[in-house]
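Just below is one structure, and these are the notes that go with it.
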Amino acid sequence: MLDIVIMAAGKGTRMKSSRPKVLHTLAGRALLQHVLATAAGLGAQRLITITGHGAEQVEAAMRSAFPAAPLAFVRQEPQLGTGHAVQQAVPLLDDAGTTLILNGDTPLIEASTARALVDACDGTRLALLTIDLADPTGYGRILRDGDGRGEKLLGIVEHKDASAEQRAVREVYTGMMAAPTALLKRWLACLSNDNAQREYYLTDVVAMAVADGVAVVAAQPASETEVLGVNSPLQLADLERRLQRKQAEALLEAGVRLADPARFDLRGTLGCGSDVEIDVNCVFEGRVELGDGVRIGAHCVIRDARIAAGAVIHPFTHIDGAEVGAGALVGPFARLRPGAELGAEVHIGNFVEVKNSTLARGAKANHLAYLGDATVGERVNYGAGSITANYDGANKHRTVIGDDVHVGSNCVLVAPVTLGAGATIGGGSTISKDVPAGQLGVARARQTVIAGWQRPQKKR
């Protein structure tokens, strides 16, 4: 049986933020959420997160993100070191299994690496995740009985307690380990805080394992990025770019054309058909699906959307919770809000906003317009400056526009109202009553021309 313990109690002072460190986001998800997502795929019977600073906020966020996962939380109050943190989880650990310990601020650990660490433990050994770093400053150093990696592993010395000779060692402990649970419990009970920091170090269990004759082995990740932690905004920004580059490369390998992979951000999942083109500085959030031949212009923000084959999204368009039909044209500078559903070959032009509305095939609103809570038929032409007045101060109401309706410029459609198929609305009208099919609706003051009128003259 496998129990997973995730360390997430730290304050993150260097983040200089009131937000708990593990709730800072990387590619749109909290750091801890990345770790829990990886852990959830390992088949553990229990995912135990150790919280401390901002515990209630952290626990609520993770319960919301993983409603079906076998989550458990224990609190470390006060924070007296990594060993003290794991001691808080002891009552929840199954003696007959293996305990895997991960870091809540090391978000890019791969499931394959975590699994390799558990396999290295094999229920009998203490397995440490180590890596060689060009600059090991701040990390605990691996001590071996000799200079080579194949030499026996004897222990770990924390950076603050290391001698100059020990600090020259490049192999470091990443903070992650796997151990037989029964042995781990025994070692945790023997921890001492007799060190420079007066803390209980989890790393001290290594020397205890050696003393007990338990083999101590090391596993290593495929890349350094997997074990990089976050302690400052600079480190978070570095990890963001590393992850975004990795995601961009995966899309490029799948055939997506990114104008510049260094200027691309994915904060969720992005599914793409063939021949998809994405220009620079686009941000994709939540779950986005792009059909075959979709083209996305520069500087677009697209969240939780489906865009069908052949659609073109022009630059500076914002799409949130919307569906765009095949061959549709959207933007530039358009906004599709939640509930917007555009049919095939619909045109939504510059500075047009659509919210909670459906537009059937071939409908057009090419500039400076608002459609909210509306049902729009096929081939409708919706003039510049026209809006649906859908809110009466208390409730929202719908506007129904039939097929082949022509709405002139600068019209106000006061909902609830229905325009029958083929109706025409004269420009500048405020329509508050239904217009029958095929009829002309005009509601504006009659034009007056005053003959002989002269402009006022400036006084001398």
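First residue shown is number 1, and so on along the chain.
Note that Cβ sites are derived from N, Cα and C of the backbone, with glycine treated the same way.
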For the UDP-N-acetyl-alpha-D-glucosamine site, Swiss-Prot lists Lys21, Gln76, Gly81, Thr82, Gly140, Glu158, Asn231, Arg337, Tyr370, Asn381; sort out which one of Lys11, Lys246, Lys355, Lys396 goes with them.
Lys355
Measuring CB to CB from Lys355 (UDP-N-acetyl-alpha-D-glucosamine binding site), give everything in the same chain under 8 Å that is also at least six residues away in sequence.
Leu336, Arg337, Pro338, Gly339, Ala340, Leu371, Gly372, Asp373
Tally of DSSP helical, extended and coil residues in the region 'Linker' (234-254):
20 helix, 0 strand, 1 coil
Sort Lys21 (UDP-N-acetyl-alpha-D-glucosamine binding site) into helix, strand or coil using the DSSP assignment.
helix
Which value in Å gives the longest Cα to Cα span across the acetyl-CoA site residues Ala384, Asn390, Tyr391, Ser409, Gly427, Arg444 as recorded?
22
In Å, rounded, how far does the Cα of Asn381 (UDP-N-acetyl-alpha-D-glucosamine binding site) sit from the Cα of His367 (active site, proton acceptor)?
11
State the three-class DSSP label for Ser409 (acetyl-CoA binding site), counting H, G and I as helix, E and B as strand, and everything else as coil.
coil
Nearest of the binding-site residues to Ala384 (acetyl-CoA binding site) by CA-CA distance, picking from Lys21, Gly81, Asp105?
Lys21
Rank aside, I only need the closest one: which of the recorded positions His367, Gly427, Arg444 has its C-alpha nearest to that of Lys21 (UDP-N-acetyl-alpha-D-glucosamine binding site)?
His367
